[in-house]
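Asks: Below is a structure I'd like to ask you about.
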């Protein structure tokens, strides 16, 4: 029964969370790995969105939303005291089928489960163990990390096998001396081949019941014990789920044998003592080779298949997985190694080793063979060809060139508006390329458009305008960030009426040439948002020693209709010292203390302010009017719609304004001729 038929969500993996207790979780970023270099705090672009390599949790836990697949409840191990009861009520995740269940909810009599001792709440559930399903690679699964010396660290700690049956009889004792030259096959039987099972006296067993028919026991897995097969040729041997490699396991069992006898497999020689293995017919051999080839072809394209499917195929194929295996080698139980290195031999399915000539055939399951990798194709970066330079002359239909050069045509195009330029771009390809010149597009107006399409954004970038009006548009943060990163020469930007969600893109886009910024009537702007906009960027690139704010070079700032307080004005005076025009109209929190901050002796705007708009600020009174005499360069002061300001006080200020008198074309509007 497959995992897909066990209920909805049976095979869905739960993303584990940090334990927040291990050494990797409590440390800080290293700042040197490629993930740290990508982070914005270390000067990177921030595209990978990954944490530091040294901060990867070594014991991730299940999320708090994980529940049992059978009863639908969370883990309740904290409500009991005994170890067995805690284990029965805790949630366990299977590494094969990814099911999360309580061990007590599984109603299985004769079954075993292998607990992973490194990762919490992780095991191989009894259902998968009973069906004979294993992981794709038993040596590289979760919790089986290799140590620095090349050995598997999980083998030192070991796992536990849980069962309800009595333990089997003890295994054969380890031999101390050299093996006899000619033992009978009943002493240490080799692995039963598929053809031998079909042609022998024993009835064939189902493929998935090979591992499920083992005798279960409760045994600590670990140490250097090498378990061979029992005396009963029908029962497969019990092996620990993790071994170091074939050479180490064999040397620990038989220390008296020289390495040259067991490192390289040799073909067995038929002896008179042992019975001969019956050879299959040529038709059956062709059928077996065809089945193996079909299995290999099915595995090559399906690299992302589930572990249960690949393991069942590996178990059913036995020891005959090689496509180019000779018939004689298949009958004698020998399979050529896939590679010369010990790692490839360790990752193989079953490995047959003959210690000496005429010796017994020893075999142990080292895990199923992984599916072969698909052929890797060469990858090349395909870049578009460079654009050819623009022609200096206009080719005519007759084959000659127009007498006017490109510079003369551009001077003619400068007298045309945007609509006429778009018409000229449709005349010919040469005019279309000439009309993209940025001198023809000093200002582009896209205001009051509900949405901006990608062709519109691409057209703006190709024209490189100096002033861009995006007021009252539905531009998104991603679109605005894409635009600003490609308009480094932008001097004027109008974003009035947009949402702060999109305007917040200004915090991550460099605008070195910006001189005018219009942020009037932006929704949901508080002191915290304005502080984020005014403060220097936290991701200063390496080599930049000065911490300049984003608005250091801005000369005109329009903040009408925002909820600004005196704290925001202090930040404004500190991080925007070059302002000559400031619009604070209709700001409800601006009053007499705000005017005192703007005109204080320590204020940098006292000497640079030329235009000041305070229209609609209802908290201003007549007491703040004498403070404006501190600004010697003030040429325009707009106090219209200020309810608490009297016209007589404004007239007295206009008559005695420094260094000369103001004129009042309208009530509460003070102008001075330069």
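Each Cβ is built from the backbone N, Cα and C atoms, and glycine gets one as well.
Since this is a predicted model, take the numbers as computed values, not measurements.
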Asks: Labelled zinc finger by Swiss-Prot, one stretch among 12-58, 247-293. Can you tell me which?
Replies: 12-58
Asks: In this structure, which of the binding-site residues 30, 36 has the fewest other Cβ atoms within 10 Å of its Cβ?
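Replies: Result for the binding-site residues 30, 36: minimum number of other Cβ atoms within 10 Å at 30.
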Asks: Other than 30, 33, 36, 52 themselves, what residues in this chain have Cβ atoms within 8 Å of the centroid of the Zn(2+) 2 site's Cβ atoms?
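Replies: Result: 29, 31, 32, 34, 35, 37, 53, 54, 55.
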Asks: Once the chains shown are all counted, how many other Cβ atoms turn up within 10 Å of the Cβ of residue 33 (Zn(2+) 2 binding site)?
Replies: 16
Asks: Given the model, what does the mean pLDDT over the zinc finger (12-58) come out as?
Replies: 87
Asks: Could you count the residues of the repeat 'LRR 3' (561-586) that DSSP puts in helix, in strand and in coil?
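Replies: When I sort the residues of the repeat 'LRR 3' (561-586) into the three classes, I find 10 helix, 3 strand, 13 coil.
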Asks: Going by DSSP, is residue 30 (Zn(2+) 2 binding site) part of a helix, a strand, or coil?
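Replies: The residue in question, residue 30 (Zn(2+) 2 binding site), is coil (DSSP, three-state).
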Asks: Just to be sure I understand, if DSSP states are collapsed into helix, strand and coil, how many residues of the repeat 'LRR 6' (642-674) fall in each?
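Replies: Split into helix, strand and coil, the repeat 'LRR 6' (642-674) gives 9 helix, 7 strand, 17 coil.
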Asks: Which three-state DSSP class does residue 52 (Zn(2+) 2 binding site) fall into?
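Replies: In three-state terms, residue 52 (Zn(2+) 2 binding site) counts as coil.
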